[in-house]
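S.K.: Dropping the structure in here first, questions after.
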Amino acid sequence: MGAKLLDGRIVSEKIREGLVKEVIDLKEKGISPFLRVLLVGDYPPSLIYVKNKEDACRRIGIKTETLRLPQETPEEKILEIIREWNTDPCSGILVQLPLPKTIDKNKVFSLLDPKKDVDGLTPTNLGLLLTGEPYFFPCTPLGVLELLRFYGIETKGKYVVIVGRGELVGKPMSCLLLRKGIDATVTVCHTLTRDITSFTSRADILILGMGKALFLKGEMIKEGAVIVDCGISKVKEKGKTKIVGDCDFFSCEKKASFISPVPGGVGPMTVTMLLWNTIQAAKRQISEGMRGK
């Protein structure tokens, strides 16, 4: 018997049904959730990601506006836009990554108002993830936790191995899992980890975020493991391009108890958590006496 699917599409739809009601309630109170998106350059995956986010916002009633700038836009222009948006009545600001190499990402996110940082990537929010309560949790790690929660998968006392130490998945994911109430025991593996199978083969839950296609094989996991695949890569198969994750799905699903597909697993959850964060930002506008238009 194969593993059960951690179906991010189904979970996302259920969450979004509730978010639609929250948006309606906010609008009745005079607040219109409003997300501004900054897209620099024409990197094809970024164009797709931004379109998906725009469509998701519109479907649940969140206003969204995307500013598209050419690749050669100077850094100072980007910073000027962020300063302007910080004082603008928008609820949230999303800076689509990656930025061109000519732009210092740290400068951009350091300037961004953490109360509008719906991706949870400013130094303030990442720091508060360690020391307290951030304004927003990063979308992908938050989506992973919601996916596990929906399927009744316990994290307390479980041994969780994260493969990958990136800023979008690995690092913030480890911090979230260590928080009180989640209470996992966490190991983070990376490219220089020796004998990685000695860790993955003992994991109750594996979270993959390294971006290496089909890395995790069935012989690297224990019977009944839970696999959450945050990786995404393109591979050629019989002359056609195929989207795959970090997990070799067909060898792992024979041993795993639960496994997330790519696509259709973590991806929809990431977008849904962006919607969630934007709505939370709009709610904060009520308490702070701001009014979005």
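Keep in mind that glycine also has a Cβ here, set from the backbone N, Cα and C atoms.
Grabbed the feature section from TrEMBL, which reads as follows:
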- Gly164, Arg165, Gly166, Ile232: NADP(+) binding site (BINDING)
- 6-119: domain 'Tetrahydrofolate dehydrogenase/cyclohydrolase catalytic' (DOMAIN)
- 138-285: domain 'Tetrahydrofolate dehydrogenase/cyclohydrolase NAD(P)-binding' (DOMAIN)
S.K.: Can you tell which of Gly164, Gly166 has the most other C-beta atoms within 10 Å, given these are the binding-site residues?
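M.R.: Per the Cβ count, the most surrounded site is Gly164.
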S.K.: Provide the number of Cβ atoms within 10 Å of the Cβ of Arg165 (NADP(+) binding site), excluding the reference atom itself.
M.R.: 18
S.K.: Same-chain residues six or more away whose CB lies under 8 A from the CB of Ile232 (NADP(+) binding site)?
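M.R.: Expected: Gly211, Ile243, Val244, Gly245, Val262, Pro263, Gly267.
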S.K.: Please list, for the domain 'Tetrahydrofolate dehydrogenase/cyclohydrolase NAD(P)-binding' (138-285), how many residues fall into helix, strand and coil according to DSSP.
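M.R.: So the domain 'Tetrahydrofolate dehydrogenase/cyclohydrolase NAD(P)-binding' (138-285) is made up of 52 helix, 32 strand, 64 coil.
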